[in-house]
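According to TrEMBL, the domain 'Pentraxin (PTX)' annotation covers 2-201. Residues or ranges marked as disulfide bond in TrEMBL: 33-92.
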């Protein structure tokens with residue numbers, strides 16, 4: 001998938017990509033990074049990780065008025081970003097159980113740290129979806145929350161990347177992702193999803 005992106009060309013309740021992760025034990029920390037390009041002004045999901053016990057085990061979701069929410073174990077924290085013209089954006093979300101510290105990095109810049117689900121373990125029997133938000137395990141899609149645009153460079157680690165490492169990922173480096181690896185991505189695409197060259201460098 002190097003230099004490629006998934007393209008979701010229109011609003012849909014049945015177009016999505018299901019990712020397969022390498023997970024053997026519950027997560028006590030993680031980092032998820034991805035690139036996205038959209039001109040949507042409504043709510044939409046960027047990354048949805050659901051288990052049979054919890055629909056929003058991990059969720060990166062864009063709400064209205066520039067607010068992004070990060071969910072872990074069904075609890076949410078919110079990050080306010082300034083409104084800007086449509087452009088490709090790079091996101092990294094980090095979380096650690098020991099402190100509950102949750103970070104959202106946008107285009108290599110950190111938002112103010114928040115705290116979420118201290119002491120929690122993220123379960124591993126997961127349905128990981130791009131393009132839709134799961135209101136049930138591997139389903140419950142609402143086309144009004146579907147993603148329209150391009151998503152690529154989706155990588156996930158079972159630890160928190162350092163600020164220097166996150167900046168290097170933003171600049172195009174990759175540090176051997178051990179949960180989801182975009183270079184060796186295991187996935188299934190459903191509905192109208194296309195693979196096209198990335199529109200970002």
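All residue numbers here begin at 1 and follow the chain in the order shown.
Just so it is clear, glycine is given a Cβ too, placed from its N, Cα and C backbone atoms.
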Worksheet item: 10 Å Cβ neighbour count around residue 33 (disulfide bond)?
Response: 26
Worksheet item: Long-range same-chain neighbours of residue 92 (disulfide bond), Cβ under 8 Å, sequence gap at least 6?
Response: 31, 32, 33, 103, 104, 105, 161, 166, 169, 170
